């Protein structure tokens, strides 16, 4: 047998023959690779390895040699006999591997979509495994977000219940009170009636008795006279006389007696003071349920805690906003198209992706859907044009989530799938029996049969030594475990659904009950709910009619909505993952347990109504109920609900809810969420709105009305009730007159704002559109002050004035958030801002520079707060008057004007980041608290930024320079005011304001900074020191802005102060190392080839740990704080990063050298954005090295291999460049590092020219320092440069291994350091940086450390 | 570095499982293409009793090109020079992919039995071998005793 096998073995590869080719010498060899390898291509010969006979190769190559058929038969026979498995590669032909281009047997690799050899494939699989591991850890890290959300949901559920209960109690209380009042009154009246009756009766009875007596008496008298008063009886004269008298009296009496009929015939009437009909009506509508669209309270139901903070959500999806936008866009374009793609592109887990052939086959076969192929063909046609099919399924899957929102779509798909299921059992796209996350469409891996199989296999392998049944037992065990898990999951789901459903029904019942008594909101809620309930049915009908039907309605629904909504929806989408198709859930449920059918259907309706729910959220109590209906998705829903009323309201409120409702809400939507194109949409929405809410016909109130109407639409009241029963109007109607008051106040404030150089349009714009979701919140927040106002027309906090205590107090309670905001905002507007800023501090920067949608989404809350405050201030303008006047408040116009025209240079305006500009729109609105609200909108950081931008820190600079010398104070300030062409008032105000610094001690009040700088009004930058913008703006300060006190205070608080005091001598003394960081390694706190260095605004030390591909952050004492980044070219990943910079708001700007891009990370180290790619065009890089940023936020990049410096705005847009390769002035050769002084001098280490060049911001050379050499003031390959805030320049003279310090004028000051690895010795210098306390940080690359001097 | 071809794996396995008498080839721990070889001197040859160390390296395109073999132990042989290089046709132009490590090593063992002074590499040795074979063989014995016999 062995010989036999040997005969079947190719002697070259020592393997079984594969396609044995017979040489003329009768020896056989495998065709590939053996025979191929034997070929001598030069001589076109093949030499037999066995007998060394040489044969000419046939024209067609070795494959033309005859195949040794006999041998092949033997091979087959052998396989038959031994039963050994055929070689898996038999019959295959070798090809060039798509990756390593070696010839080998290839198989398809799902990773790279190529045919590749085994080695490469295993390498790719390794990569995949690593990636999965990485993702896994990422997921683990961010999983807590979901858990947080869960916690919030639970909290929300609680609060919802509490809320509902309390509202119910209130209603009961009112009910009791009213009934009691009625009862008391009626009892009283009845009592009176009774008393009256009794009295009258008694009177009548007495009268009757008397009369009877009279009659009897008179009758007897008459009888006696008749009988006896004749001749027969003797009467004496006296007697007769008396009788006559009596009779006379009787006659008189009878003549005069007249029964006073009138007295007793008058009626008692029950007079009702108010028209009973009216009264009944009033009673019938004695209360309304009004759900504040978002977190602010209104009406009697507050949902302030319904909304989880948006800040929690976006983290996971942070980087995806663009995609989401795109998704949104696409979805819109393809609305109605086939756009329902589950997570794995519809595949089963582990299934090979389908080739396009199947796809087209599938879509082509549209007749299957029982309708004309027109639609579907079209849809499918659309897809390629939108670039989806081409790109690959991977790309498409990203857009999955959005589709799943369209339930009718899902429904339709279900049908389709079922059909498919029937038609093609082997279709990959059939729904698998897996549990899918409702939000993300993520399937549970352990549900996938393949995974089960694998796990089972593992189990088998482990126990393969044991008996086979043991193995099967293991498998069973694994499966059982999985099943249990599944079951548990299932139970959980059910559990969460059933009570939810119960709650839902409860709620519904209550709603109905209320709706009987109250109109407006409740009705709409019920309606929308009903609509929601109906939906599945009608959908089904639609689906039955033809899949297109449901889709159409869907389409039309979203059609109406989506254009204005887009942004906000995108934002919403960001948070709301797509609910898994109801169909999947339903199918799964039915398969698993019949009992869960109901819940399944609930689910389907729920998930179908996913967004409808959100809509309902807008529409009032329906929302909470239904959102609590599904546990998991509720987060998303919450957030979406919160994000904007309209966002979801429209797309999901299908026509059949009511024609009227969508219409009504559409303008609101447009209003609430309109994209930033503002003007048109806002105006149109205004028009529509105003036409709808007729009561508010005043042109001035229009913007307001539009804002209001969003909530109006929520409560879906008729026009008349729009004014009376909702929000802004609501507030006023509750206590009639205050509405007027408020209007007036508002008007007044508007006047103010007009004064404030804020054009009305600006005002209108942000309120209605500029802020996307934010503005919807405007509407909301507006409601807050309104009721406030209403409830307490005079006394803001006074509890029970006119309207009844319950209302007011409730408002106060419920609107806690707003109240909180309000309160401080009244006393110290800026301080309250602080609160805001703190509250949302996290978001502030991340919002700063990312995609728009996210920006908006994140801003939402802040804006809301700011808004509420500002609107409140509108409302209470009068109250505020007596408050200390803050400069930003009083003279916004001056402030703005000074900003704009004071220096008027385009530079400045350009310098403002787009965010800043955007925020500016906001500021006029809130004229009173221009500073603070702007800040509120922008976040602390941006405020600061703007301060820096707008006002620069010339003042500061001066102060730094001269701060200690009081003699200089006056000149500087006078210079300031001289420069400041505006309003002395502003100066004065600001100066008074600025004293806040002195007294407030913390001295970092941005507001005061602003004003102070304003007062000095000089354009200069300051170092990063202001990054933390506190806006405490205490206005009670006393000093003078430039007084030593202030300087001292600032020195104490800020960094500049310290820096400002550094004398030259300090630098001259520098020699001795203070301490050092790092050491070689990759653990935290160690470095491998560190390069860039930067000092953060909080004096942290930031090190670009280049070959560890990460950034490390230390505190000013060198204690490790954090690290971020890893190797790669994804977001937040680096490839040998070089330069690093920290801007004044703490964002990290990183030159990702080998990825040829700049990345910007937020202070937490999370990716914000990246820009640039390899190339020589503007905005492209070739090994960017040093990077720095100035006070205006511009980013300067040393584009090393392009021998130039490029300048970008903080958002990454290209601003300019300078330098070209060469030795001349202004030319650069391998510029490495860059620094910008606060006098706007740009210092570049022109490394290969051995010099430092100093440019102005426009790229004009100011001076050149140094030349090649080792003397003082000469360089060899200078690298790191740094400049302190007094202009002293520090150069890492890399070739000479020393640090040189230069005076601001470029003259040599000091040098220290030498080659070596001891203290104060260097090997290969890289970046340098200067801390605010004058410590010099030096990156000692080859020693893998950072030294501090 | 691409992975090891199946042929090398198979050959190595076979060398371990069915060692050739008098020949021991062990792949290096770090490099499977590098073998530490020990060949015993054939009986009835001047190299009898000697244990000769060789190194063998399989080039990248093995088996299409011949393995590189070199004596590490000093040996007195007309076809093996001072550096241990071997003049053997199958290692050069007569290499055939059908040959294997074991066959090559057998060939080398055979070369020890039958020196071929007509195709010399070490010219002085070959000269002596031709002129005075007895002395040459004696020298070979001495060298073997001196270098190839371990106590």
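Cβ atoms are placed via backbone N, Cα and C, with glycine included.
Your range for region 'Disordered', going by TrEMBL and the list A:182-233, A:234-285, A:962-1013, is A:962-1013. Remark: secondary structure over the repeat 'NHL' (A:1121-1164) totals 3 helix, 21 strand, 20 coil, with classes taken from DSSP.
Stretch with the largest number of CB pairs closer than 8 A to the repeat 'NHL' (A:1121-1164), among A:1171-1211, A:1215-1258, A:1262-1305, A:1309-1349: A:1171-1211. Long-range neighbours of the repeat 'NHL' (A:1262-1305) within the same chain, counting only residues 6 or more positions beyond its ends whose Cβ lies under 8 Å from a Cβ of the stretch, are 957, 960-961, 1022-1023, 1056, 1059-1060, 1062, 1064, 1067, 1070, 1093, 1186, 1225, 1232-1239, 1241, 1243-1248, 1250-1256, 1311-1316, 1321-1330, 1332, 1334, 1336, 1338-1339, 1349.
Residues of the repeat 'NHL' (A:1074-1117) grouped by DSSP class, helix first, strand second and coil last, total 3 helix, 22 strand, 19 coil.
Sorting each residue of the repeat 'NHL' (A:1309-1349) by its DSSP state yields 0 helix, 23 strand, 18 coil. Across the repeat 'NHL' (A:1215-1258), DSSP assigns 3 helix, 22 strand, 19 coil.
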